[in-house]
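What TrEMBL says about this one:
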| type | residues | note |
| --- | --- | --- |
| DOMAIN | 85-198 | domain 'Asparagine synthetase' |
Amino acid sequence: MEAHCYEWRGRRGPSLAGLVGRAAVALDRHGVRAAFGEVAADGATCIDGARLVLPPRLRGIHRRDAPGPLHALLAGACDRLPRGRVALALSGGVDSAALAALLGARATVYTLAPELPGYSEEAEARAVAGRLGLELRVVRASAADYVQALPLVIAACECPLYNLHPVSRWLLARAVGDDGLDVLVTGDGADEVFRGTSGADYLPIVGALARAAGLVPVAPFLDESVAAHVAEDPHKQALRSLAVALGVPESIARRPKQPRFAPPIDLSPLWDGPRVAALAQALGREPDLSADRARVGWTTLALLSRRFPGLIVSCAA
């Protein structure tokens, strides 16, 4: 997965905090609203005048070349992995399951098993790995692990979150790195490529988290040959049929897309009331903490703000 960068005052760099340093900066209302999931992500950041610069394939596919055979395209992408010990992040969906079938023994297969109600996909991952004859390494994570990891996650991705789902990627990537592996293959980007939509609200985050764990993130669906030649297929019917042909259980391959959101977790150990109040005043809005999305957003915005000493002075529209 190609790395994104940031642009601020005519300069570009991989770290937003590194570009801004201790300069006096204002919050950007639109960027905060995008980070909170209130409006579509379009490259705006929470810092006025700073933008996220995305590689072309993360901006949405607006032009497609002649379609090619999906099996050959994905197999070719899997054959072009960087050197090193390879891990695959296996969830309960068709995207990573198809990659597991294509990679086979070339990758060590991991799945995260959060100890959170209704959130773990361990059973589905075990079903896929068992059918394909692959050993599965299960990484268990408690609610406390999510809370402990959150400051590191925000420092790595440099944006607030509105749900803790990306923390799952950090927890899995950290375990993969601790095991001494080098490359993390994921099913990221499949929905965006088949639909022709942007992944600006998620793909840069999970890519940054893998890199922060010392891994090279690879998303075969975002490989240039795949992204440019797959036919538009919003429901991924071709991928589902391929997965079945490769041996993925049909119950997994045909299962409709299910949005993945982490359930509410008590973030009170990380709550910084005075800082949140200052941020809210700068933004000209009252924090409505009745919903988990808002509690996560304000908690993580406060965590992010600590990386910018010149912040909390004024607010850009």
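Glycine is no exception: its Cβ is also placed from the backbone N, Cα and C atoms.
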How does the domain 'Asparagine synthetase' (85-198) divide up by DSSP, counting helix, then strand, then coil residues? 59 helix, 20 strand, 35 coil
Mean pLDDT for the domain 'Asparagine synthetase' (85-198), rounded to an integer? 97
